[in-house]
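Heads up: the structure comes next, in structure tokens.
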Amino acid sequence: MRIIFMGSPGFAVNSLSLLLKSKSEVVAVYTKAPKPSGRGQKPTKSPVHVIAEESNIEVCTPISLKFSAEQEKFRNFKPDVAVVAAYGLILPREILNIPKYGCINIHPSLLPRWRGAAPIQHTILAGDQETGVSIMQLDEGLDSGTILKQEKFLIEKNDNYKTLHDKLSKLGSDLLLKVLNEIEKQLPLKQNDNDACYADKVEDYKIYASDACEVAYRKVKAFYPKAFIKIENKRIRILDADFEALASEQGKIVNDNMHISLKGGTLIPKVVQMEGRNPCSIEDFIRGLKSSMVKKFIE
């Protein structure tokens, strides 16, 4: 089977790696173009780009697939199927119709729940008890195509964005191979659009004094490692935390261990990181902190 693989971030790496070890032929890899990053702002290739080059596979980095020249190039690879995993570009109808078996997508949620760009974060923010992977046929809608295979698992108490991301990436690659091995036997299941909800891209990682305690706790998990508080205009990331039901004045840091009183409970930071410093336990952090800072309110 001739496969075009379309993906960019680390989530897609497991699937590409498994395909490269399979009997199928990956004839091309489509990924986002290198973009500047780091202090030197040097162009950095996506994780998928790096693996493809190491495997001597042609890499394509178009800025859009809406142009006829790009569509003709895609067609010339003569793909039987295109596999999409967090690619980052919209696939127009002309592209969707080229492969014999169409374009199939690895989506890290139990569709139709959490269609969109940030399903893992929204799964945690909503307090969902389970999650999973949906292998779906791409159409012109937003994650609205028929489902070819779906598998779920329970979310554990200690799971955060990273642990769920890694579990879903592994499950997605395994499910993908099952679908491809039985591609002509698939019985597509139509999604119920009435049950759909959407996972918009997350851009605000701040924990606010007005947040409920459980919401703040979920933010720590969902936005790992980016959730933060601000004290005296200093940004402090909270990488791990717990919470308890006791609470006092909302937004107040209530003791020398930096427990944060919020609506409905107290957030208890366990691992934190000040800007420009390495992560550390809350105990080590407090020892190196001005005592005045731990008697403030978060902003």
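In case you wondered, yes, glycine gets a Cβ from its N, Cα and C as well.
Copied from Swiss-Prot, the annotated features are:
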BINDING   SER109, LEU110, LEU111, PRO112  (6S)-5,6,7,8-tetrahydrofolate binding site
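Positions of Swiss-Prot features highlighted on the structure.
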residue	record	Cβ contacts under 8 Å, 6 or more apart
SER109	(6S)-5,6,7,8-tetrahydrofolate binding site	ARG115, PRO119, ILE120, THR123, THR131, GLY132, VAL133, SER134, ALA199
LEU110	(6S)-5,6,7,8-tetrahydrofolate binding site	GLU130, THR131, GLY132, SER134, GLN150, LYS152
LEU111	(6S)-5,6,7,8-tetrahydrofolate binding site	SER134, MET136, ASP143, ILE147, GLN150, GLN191
PRO112	(6S)-5,6,7,8-tetrahydrofolate binding site	ASP143, SER144, GLN191, ASN192, ASP193, ASP195, ALA196, CYS197
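Those same-chain residues not listed among SER109, LEU110, LEU111, PRO112 yet with C-beta within 8 angstroms of the centroid of the (6S)-5,6,7,8-tetrahydrofolate site C-beta atoms are HIS107, ARG113, TRP114, ARG115, PRO119, GLY132, SER134, ASP143, GLN150, GLN191.
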